[in-house]
Amino acid sequence: MTAELFNDITDTSTWQERLGPGSVILRRYAAASDTALLAAIEDAVATAPFRHMQTPGGFTMSAAMSNCGDYGWTADTDGYRYSATDPLNDRAWPAMPETLSELASRAAAAAGFAAFQPDVCLINRYEPGARMSLHQDRDEADLTQPIVSVSLGLPMTFLFGGLRRKERPARIELQHGDVVVWGGEDRLRYHGVAPLKDGEHPLLGRYRINLTLRRAH
DNA sequence: GAGTGGCA
DNA sequence: CGTG
């Protein structure tokens, strides 16, 4: 698929690439607020530390995860679900900082989804070699609400497939600050993360952090 | 009913 | 290394 470019001549630091009728990459959209986002993440994981969850198949996920917001996405041998409490301590997840919810709302609006108010921020941390195999985000109650994904740190190859797993995904390089929004008829597209290549990022060292903002309920 | 993993 |  050839990305259609929408360059805004008044702001050459950020631009959009359309991946489908309901999916857009906002290049470098979050780069200007990266230090505020990282401070918000550090604050959240001080309360709800990164952990490697188990899949229902009994495998350990290679990305370390945490959450903030009214709910958090969790995986264990019983399945995938959203929970109002952190299973590590049965306490509420840390509140979602406004920095994160406002970024997500603005990005969704820029992509054509008005009034997006996330109630979950899943925080995924990848080290070199970590990956996420192709999956759909379908544990949310209202699939008319989009998904907003923010990439920070090491660059990665985003796999963006179709509505069926057998469709071979596009491979899209995402850099620090890139935001991907998908919804509408693209809401259930399969997506994943290719094994992270080694490298060094000025702010994040040998890590990539992905924020996925969702409306769970 | 498998499933965001492992391995051929 | 990418695919299944």
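Glycine is no exception: its Cβ is also placed from the backbone N, Cα and C atoms.
Automatic, uncurated: that is what TrEMBL annotation is.
According to TrEMBL, the feature substrate binding site maps to A:Trp73, A:Tyr80, A:Arg81, A:Tyr82, A:Asp139, A:Arg165. A strand conformation is recorded for A:Tyr82 (substrate binding site) in the three-state DSSP classification. Within 10 Å of the C-beta of A:Tyr82 (substrate binding site) we count 20 further C-beta atoms, all protein chains included.
According to TrEMBL, the domain 'Fe2OG dioxygenase' annotation covers A:117-217.
The DSSP secondary structure for A:Leu211 (2-oxoglutarate binding site) is strand. Annotated 2-oxoglutarate binding site per TrEMBL: A:Asn124, A:Arg125, A:Tyr126, A:Arg208, A:Ile209, A:Asn210, A:Leu211, A:Thr212, A:Leu213, A:Arg214, in sequence order.
Marked as Fe cation binding site by TrEMBL: A:His135, A:Asp137, A:His191. A strand conformation is recorded for A:His135 (Fe cation binding site) in the three-state DSSP classification.
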Among the binding-site residues A:Trp73, A:Tyr80, which residue has the fewest other Cβ atoms within 10 Å of its own Cβ?
A:Tyr80
Using C-alpha positions only, work out which of the binding-site residues A:Trp73, A:Tyr80, A:Asp139, A:His191 is nearest to A:Leu213 (2-oxoglutarate binding site).
A:Trp73
Under DSSP, is A:Arg165 (substrate binding site) part of a helix or a strand, or is it coil?
coil
Arithmetic mean of per-residue pLDDT over the domain 'Fe2OG dioxygenase' (A:117-217):
95
